[in-house]
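Visitor: Pasting a structure below so you can have a look.
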């Protein structure tokens, strides 16, 4: 049995016509890292809130750990870990106190939490910050503390909403490493992101969401194979010459605001042909196709902010 | 509910000394300046007692009421808004109702500590006749604060626009503070205003505290005041359970 099963899941907010989630279905298996990818407003956060049992589905069915989150929300929340997008740590309390009070929310004893917080701070590489107020922590440290906090109850499922948004590259890599460790001990990870490299790094399987619906689902490799070619040739031209060049070149070409993307299994061959045709791009780059190409294809290139 | 209260106690650990100083200094200054200072200009008695004797229990009730509004109004709105205390708590097994209950218990504790400090200061001025009276005043003042606090919290959790709290404080709380029989008897107001003040919670709290302090309490009026405040508190909790759920489990 899947750990999470959703069918035709919907979310509408009362008093608005807005449908945040418009009928999605997916399953998450135990031990996997499952990702929701999508532009802002795609319905990722609404979905995550329903999975966290703090938001009632407006339609469809959702089962988490075999239970109905509406009727068993309290019991389910005891088995989940939640890492919200905005940390929501208590700035006035110390690092350790943040963990302790959160543990008390779960009904864990003060004595247990004193020991547990030490263990979690080790894991989050924050042991030397235990007595500091959260105010004085960097963004990366705060995020690691939030992850440590989400682990006080040894959750079976960890929900992470944009875990590395706003972090610098070093902080992101430290965080990814911690998440890999959790996965290796059997914690099921569910995360949202709009960083493609993060999705490729972390997710065994993912869905791409757009406008409240699932555009496609699969492993990163499957999605790349299904929607784009093996390689991509990126060409840059002076402003205004892109459209002409694209027309001349023909084939499977996407026009982005700043460059052309030519999808081909052999990028060098396309580049050779472009040169033969007399095209003189400012820069040319042949690279492997990535999830970002899939994402752009499935969710459109228009700005959704 | 106790689990949610524990959070507030952890925070209180850092600030309690400061709040206790304020809780003592406030009544001390008020009783000195208005009760003893301004009161010395009041000729003769007010309802058969000195102005200080008249004013102190009314001020006790009004201070409890005001403290409760600040804690339950501003405290709840920022816990839901900027600080996101509630959102963190409802991701755990705690229900929105428990989150509210824990915060209200903390408000009650704060009101109680404030009232305790006030009663101690009143005793220093020789305004409390016995330990029994002191205890009765303490409970009455706490009730005066806690009863409306539930309703205030039920409303404040829905407020995302902070200035609205200030507006209500200025145009609802302050008039009640001034005209509910705190500084002068409601009997001096025009009849229409009197009726309004009798319908509002602070008059019940002020009259309850004053009658207990002056030994003029009657079983009938005491029961009326306590019942009024009790019902207000219960209704506030019922509404709060709905609004907290609506806001926190969207």
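Glycine is no exception: its Cβ is also placed from the backbone N, Cα and C atoms.
So TrEMBL lists these for the protein:
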DOMAIN    B:18-247  domain 'ABC transmembrane type-2'
TRANSMEM  B:20-42  transmembrane segment
TRANSMEM  B:54-77  transmembrane segment
TRANSMEM  B:104-128  transmembrane segment
TRANSMEM  B:134-157  transmembrane segment
TRANSMEM  B:177-203  transmembrane segment
TRANSMEM  B:223-244  transmembrane segment
Visitor: Relative to the transmembrane segment (B:177-203), which of B:20-42, B:54-77, B:104-128 accounts for the most Cβ pairs at distances under 8 Å?
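Guide: Ranking B:20-42, B:54-77, B:104-128 by Cβ pairs under 8 Å to the transmembrane segment (B:177-203) puts B:54-77 first.
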Visitor: So, taking each listed stretch (B:20-42, B:134-157, B:223-244) in turn and counting its Cβ pairs to the transmembrane segment (B:54-77) that are under 8 angstroms, which one gives the highest count?
Guide: B:134-157
Visitor: Residues sitting near the transmembrane segment (B:223-244): Cβ under 8 Å, six or more positions beyond its termini, same chain?
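Guide: Apart from its flanks, the transmembrane segment (B:223-244) reaches 86, 96-97, 99-101, 104, 143-144, 146-155, 157-158, 201, 204-205, 207-208.
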